[in-house]
Amino acid sequence: MPSFEVIGGNKLKGEITPQGAKNEALQVISAVLLTSEEIIIHNIPDIRDVNLQIELLAELGVKVNRINRHTCSFKADNVDLEYFASEAFRYKGGKLRGSVMIAGPMLGRFHKAFIPKPGGDKIGRRRLDTHIVGFEKLGTEFIYHSESSFFELKTEQLKGTYMLLDEPSVTGTANIVMAAVFAEGTTTIYNAACEPYIQQLCKMLVRMGANINGIGSNLLTIEGVEILHGTTHTMLPDMIEVGSFIGLAAMTQSEIRIKNAGLKDLGIIPEKFAQLGIQMEFQNDDILVPAQDSYEISTYLDGGILTIYDNPWPGFTPDLLSIVLVVATQAVGSVLIHQKMFESRLFFTDKLIDMGAQIILCDPHRATVIGLGRKHQLRGITMTSPDIRAGQALLIAALSAQGKSTIQNIEQIDRGYQYIEQRLNALGADITRI
Ligand SMILES: CC(=O)N[C@H]1[C@@H](OP(=O)(O)OP(=O)(O)OC[C@H]2O[C@@H](n3ccc(=O)[nH]c3=O)[C@H](O)[C@@H]2O)O[C@H](CO)[C@@H](O)[C@@H]1O
Ligand SMILES: C=C(OP(=O)(O)O)C(=O)O
């Protein structure tokens, strides 16, 4: 398994452009199954999870034409339903989270679907109840094959209904929306997730001929249609990469310009990094993070210690908490990081502690970081990347550390960050893939 060898301590400088959004890609690429006409998608990130999702579609019989590394055309005019039920699909689909979102469009268009036990980050329990209950409400029956962890779903005809989701699941909302576009009558989804990923999916579906109201809110109303058509779609910049680069710049005292950052879709993300004391200039659609010797974490108005926690959109995304945590280790001041959604995402802090960071892991959901204020540098060590975002956070820690670090299991990082060592080395980093 490949590793990164990182020589830390370099100041970086230059421009970096975020890739297309991973979690949007997994949704909109699944949506190509909703029509037999051609769909062209631009700004596709060249990363493991997305490439795997595209491979899955190709194996399902979708004609995939890679126009270039970041643009693909898809034509789902001859879908192989046999493959969908196969062991091969179960095995490959089980390697990523995104594969669950093949079910919604398949149920909508072909009235049957299979969901393998999905892969993705091992960051705690990740249930599929919201997806399955939503499908049931639309008139789907399901069998759970416990020996193979395979869900089998089928319906005579999906029927629109009102549903209140038990939680605003991101992939759950995407899945239910993609099924409901073909349901008879009106589907109302309350407590829907409303991340930019979902907004982008819904806008694409509308361009394909779907009838969806309430886009951007937690109340979506969908009038079923009989057919959808081809379209062209361009993915947003990956907001998680944007946040990671803001953190990287601060942690390595570097001046970095994040080009075409998609400012209007970043929500509260810049504000959270500003609370850590990181300066940012917003120039057109770029974020310029100037080189800063130090940054100071703000307190609440009454002087209380700041807490940064995750929440469904427009709250702060859980996918950036690991980055925020690592950046806080060199800030002046203290912060409580509260990861509410996932229970195993903070365990990587033991590696930061080994590097010299001052962190108290209070319980699986909360860690208090006492910033070192650059009184001493972190030191390079050998570590393993447990998940995609912890992996990137450890990479940032290693780039700021004194000496050499080795990060093992970088396949996790490759799941979500495109050509990361080349792009960071172009800014002056010293990262070797070994
Ligand atoms: C492929 C993809 O798009 N993955 C993202 C998607 O995963 P995914 O769609 O799998 O995540 P969900 O939105 O379903 O939920 C994530 C976790 O948070 C919990 N939960 C969710 C909502 C809530 O109000 N309270 C709560 O506790 C759920 O029980 C679950 O354990 O959304 C997650 C939450 O933003 C992100 O971390 C993942 O990167
Ligand atoms: C948790 C993540 O991904 P996935 O849901 O694909 O595991 C993530 O992107 O941070």
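Counting starts with 1 at the first residue shown.
Positions of Cβ are set from backbone N, Cα and C atoms, glycine also.
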- In TrEMBL, the residues Arg97, Met341 are said to bind UDP-N-acetyl-alpha-D-glucosamine. Which of Asp77, Asp319, Asp363 is said to bind at that same site? Asp319
- Task: Measure from the CA atom of Asp121 (active site, proton donor) to the CA atom of Arg97 (UDP-N-acetyl-alpha-D-glucosamine binding site) and give the result in Å, rounded to a whole number.
- Result: 8
- In this predicted model, what is the average pLDDT of the domain 'Enolpyruvate transferase' (8-424)? 96
- Query: Hey, what's the Cβ neighbour count for Arg97 (UDP-N-acetyl-alpha-D-glucosamine binding site) at 10 Å?
  - Reply: 19
- Note on the structure: Residues sitting within 8 A of the centre of the Arg97, Asp319, Met341 CB atoms (UDP-N-acetyl-alpha-D-glucosamine site), not counting those, run Gly120, Asp121, Ile123, Arg126, Val170, Pro318, Phe342
- Within 10 Å of the Cβ of Asp121 (active site, proton donor), how many other Cβ atoms are there? 21
- Give the distance between the Cα atoms of Asn23 (phosphoenolpyruvate binding site) and Asp121 (active site, proton donor), rounded to the nearest whole Å. 13
